[in-house]
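For reference, the structure discussed in these notes is given below.
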Amino acid sequence: MRLHHAHTVFDCNNQLGEGCSWSASDQSLWWTDIEAKSVFRWDDKRRVAAVRQLPNRAAFVFPRARGGFVLGFPKSIVITDPTFTDFSQVAEIEPHLAQTRVNDAAIDPYGGIVLGTYNERSREPVGSVYRLAPDGEVVTLFGGVAAANGLAFSPDGRIMYFTDTTDGTIRRFDLAPQFASLTEIGPLAGANVAPGSPDGAIVDIEGGYWSARLRGGCVVRIDRNGHLTDRVDMPSMAPTCVALGGEDLRTLFITSRRIRQPPGELLRFPESGNLFRVEVDQAGRLPFDCRV
């Protein structure tokens, strides 16, 4: 197994960094700090960052193919202009469940967004995973979810990955063309494949699944056969989300959090909440276009 060590690229001190995505058009990484109600941009060429405040907590941010961005607010999916000043709701999510909010998401091969929810009050699996189609239609894919995470797609768009952080199993689904059907085909890996619990994830061009291990202090790569091939050790016990970017798509960016840490954890790992990076051997793929 290859071992790597991530280092801070931007000292952003996020309370809950999440939802990172790479934008190839401007060589930038976008992500959110959910609890600070803010969105961040890291310009990888100029090595500078920018931050904007939002009117609500956002779990993810995706650049849109038509310009502007899509944001995952707690109970809605909204689109906004490039300056994050005008917001328009395109879908409402679980208005009947006061305890849940939108959490992890991924752009699917057909331009939609697959997203899942998170129960903020307990581990009761009352949430679900949905697909927001480019035309605005919302379809429930499956329920029984407590903390949706790890959503990602294989390079050929035929497999969807998902994990519930409270369970830890990394699940796989066969995806029919044009999202006609979704069929579970068995797990990629169990909860004990690596330390900690699975959080955000990304799949590289070779089909390797990079999983941020919350409370495990690392990110691991799992190949298509369920074997560990790489481990990235972190100066934080709380990595939350990952994205592959950079000019050659071989830079692994990692967000992290400061909240909900055990006593003394921040003294041991003061870099928690920062944006980290590490160069890896496997390249990512260009993100699917978001046509929502």
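Backbone N, Cα and C define each Cβ position, glycine as well.
Among Asp81, Asp86, Asp199, Asp204, only Asp199 appears in TrEMBL as part of the divalent metal cation site alongside Glu18, Asn149. Each residue contributes its Cα atom, and for Asp199 (active site, proton donor/acceptor) and Asn149 (divalent metal cation binding site) these two points are 5 Å apart. Across the domain 'SMP-30/Gluconolactonase/LRE-like region' (16-257), mean pLDDT in this model comes to 98.
Counting only same-chain residues at least 6 apart in sequence, those with a Cβ under 8 Å from the Cβ of Asn149 (divalent metal cation binding site) are Asn103, Asp104, Gly116, Phe162, Thr163, Asp164, Thr165, Pro198, Asp199, Gly200, Ala201.
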